[in-house]
């Protein structure tokens with residue numbers, strides 16, 4: 001949260017091409033194949049000047065390098081598609097970040113959840129990348145002895161203090177010299193964690209408190225508290241040759257003039273190529289994911305048939321007035337409500353966006369535009385199917401212009417709800433909360449749309465002004481009523497009386513004002529649609545720019561409160577305790593594989 005990031009002794013940001021980060025969780029689009037995932041990623045990030053053949057060669061080389069040949073044309077897999085194994089997903093996640101050959105590659109526990117063979121393969125691949133001239137830094141979770149021997153350098157941390165930093169093969173000797181030799185039949189990494197992880201003391205105390213017998217066979221550290229072992233190791237490390245070499249290397253790097261990291265951000269793919277690539281990828285994801293749109297399209301068609309048969313040839317009798325209103329209200333209100341069902345897919349796609357944005361694949365504006373463009377054809381199919389089935393079964397009007405308005409109004413309303421749901425999805429941590437908040441919001445909009453209570457009768461404070469004016473449902477319902485009833489004549493209540501004009505029904509029965517055209521109502525829905533898309537963009541930008549600053553302020557406040565406690569002891573947050581004015585890590589872009597073990 002606080003501190004500095006130094007690259008070769010120079011303070012700068014890790015922009016595109018400088019560093020890549022592989023998260024512990026494999027965040028991938030399950031509807032794509034391994035080759036498609038790498039190809040789309042390459043087109044998003046590699047320079048636009050590169051030919052397609054060159055990009056394909058890089059993709060094939062990466063597949064070969066990560067050993068993904070056998071599964072290259074298999075789908076990654078999701079809730080309804082069987083896919084590749086966990087080890088192959090992990091290798092694919094690493095392959096995505098090595099496509100552009102970053103100088104620094106960070107990995108968060110790349111072996112978690114893998115069996116011994118898969119873990120060995122992953123670390124061996126990382127070793128090859130490191131020995132190819134890249135700096136690879138990885139936290140590792142309970143490595144086997146075979147995996148541990150693959151690491152070149154080891155960095156041990158405990159409660160913010162450096163316990164050891166140096167060659168991994170020399171760590172056993174260091175612990176032996178400090179008086180804590182590794183038993184002959186114990187994994188060195190397990191021994192190191194046993195010496196510096198205070199959780200072992202907590203486990204022992206808990207078991208003793210529960211009056212359980214503790215049996216730790218042949219453990220020479222059983223009677224020694226971890227705090228004492230760690231203090232001894234830290235003291236030993238400060239005066240060791242390993243710390244001296246590290247400090248000397250830092251001073252050597254700082255003394256070199258003009259030593260900078262070559263960041264290749266200016267060679268990234270241009271905006272238009274990113275937009276077209278991301279739109280195509282998102283379209284294919286929506287096409288193959290049944291839960292994204294296809295299930296909803298089927299439900300829309302079935303509901304449309306139900307509405308059509310319920311209001312079949314509704315006619316122009318006196319009782320048909322309320323039927324016209326009810327059918328129009330159902331189409332503009334309840335039919336748009338089903339967009340809430342897309343929340344799980346929205347959340348999964350946003351997870352991929354956050355991961356790719358973290359590594360600088362593309363910008364927020366590109367994602368916002370591509371998401372709308374890729375979803376538009378599916379929304380069009382939904383709207384056209386619904387409007388064509390219901391319009392001609394109910395027999396609203398015979399004019400094509402009226403049908404065109406029904407289609408455009410329904411398309412705009414559904415697109416607005418989709419944008420609203422995407423905005424809510426960007427604010428909630430999971431789809432369950434999204435369901436609740438989204439359903440509640442749509443419920444409020446339906447309540448103030450003018451169907452359940454006429455617009456003139458809605459309480460003026462808050463509900464009428466401003467809620468109904470920023471409610472796309474209210475504008476959509478007014479436009480639907482006008483499109484259906486203006487120009488129509490209904491039979492009177494008493495036979496032989498004068499015909500009831502549609503305009504009179506609108507003003508007296510449905511409470512609709514005729515001071516503006518139905519096209520203005522449609523324009524208002526489109527404006528609200530644009531507003532939601534801009535709000536979605538603004539929220540993503542806010543979370544990217546403002547939240548890190550907010551977290552930094554919270555971290556500083558927490559640190560100040562901790563310093564006021566009597567039990568607080570100032571420790572060096574640098575891996576090299578002599579450099580106390582730099583609470584950060586200084587990484588030199590040199591060949592090697594470093595593995596800080598988490599504490």
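Yeah, the Cβs are placed from backbone N, Cα and C, and that goes for glycine too.
Broken down by DSSP into helix, strand and coil, the domain 'ABC transporter' (18-112) contains 39 helix, 11 strand, 45 coil. Look at TrEMBL and you will find 18-112 tagged as domain 'ABC transporter'.
The domain 'ABC transporter family G' annotation in TrEMBL covers 141-196.
According to TrEMBL, the feature domain 'ABC-2 type transporter transmembrane' maps to 274-483.
Annotated transmembrane segment per TrEMBL: 291-312 (among others), in sequence order. Counting only same-chain residues 6+ beyond the ends of the transmembrane segment (291-312), those with a CB under 8 A from a CB of the stretch are 79-80, 285, 323, 326-327, 330-331, 335, 338-339, 341-342, 344-345, 375, 378, 381-382, 385-386, 389-390, 393-394.
Positions annotated as transmembrane segment by TrEMBL: 319-340 (among others).
Under the heading transmembrane segment, TrEMBL lists 360-381 (among others). Here the transmembrane segment (360-381) has long-range neighbours at 15-17, 41, 44-45, 265, 268, 271, 274-275, 278-280, 282-283, 286, 292-293, 297, 349, 353, 411, 414-415, 418-419, 422, 533, 536-537, 540-541, 544, meaning same-chain residues at least 6 beyond its ends whose C-beta is under 8 angstroms from one of its own.
Counting residues 6+ beyond its ends, the transmembrane segment (402-425) has Cβ neighbours under 8 Å at 331-332, 335-337, 339-340, 342-343, 346-347, 350, 371-372, 375-376, 379-380, 382-384, 386-388, 391-392, 396, 431, 434, 437-438, 441-442, 472-473, 476, 479-480, 483-484, 518, 521-522, 525-526, 528-529, 532-533, 535-536, 539 in the same chain. The transmembrane segment annotation in TrEMBL covers 402-425 (among others).
What TrEMBL records for 431-455 (among others) is transmembrane segment.
Residues or ranges marked as transmembrane segment by TrEMBL: 462-481 (among others).
What TrEMBL records for 522-542 (among others) is transmembrane segment.
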Distal contacts, the transmembrane segment (319-340) - CB-CB under 8 A, six or more residues away: 296, 299-300, 303, 307, 311, 386-387, 390, 394, 396, 406, 409-410, 413-414, 416-418, 420-421, 435, 438-439, 442, 446, 449, 451, 473, 476-477, 480-481, 484-485, 490, 500, 505, 509-510
Segment-level pLDDT (mean, integer) for the domain 'ABC transporter family G' (141-196): 89
Beyond the flanks of the transmembrane segment (462-481) by 6 or more, those residues with Cβ under 8 Å of it: 325, 328-329, 331-333, 336, 405-406, 409, 412-413, 416-417, 444-446, 448-451, 455, 506, 510, 512-513, 518-519, 521-522, 524-525, 528-529
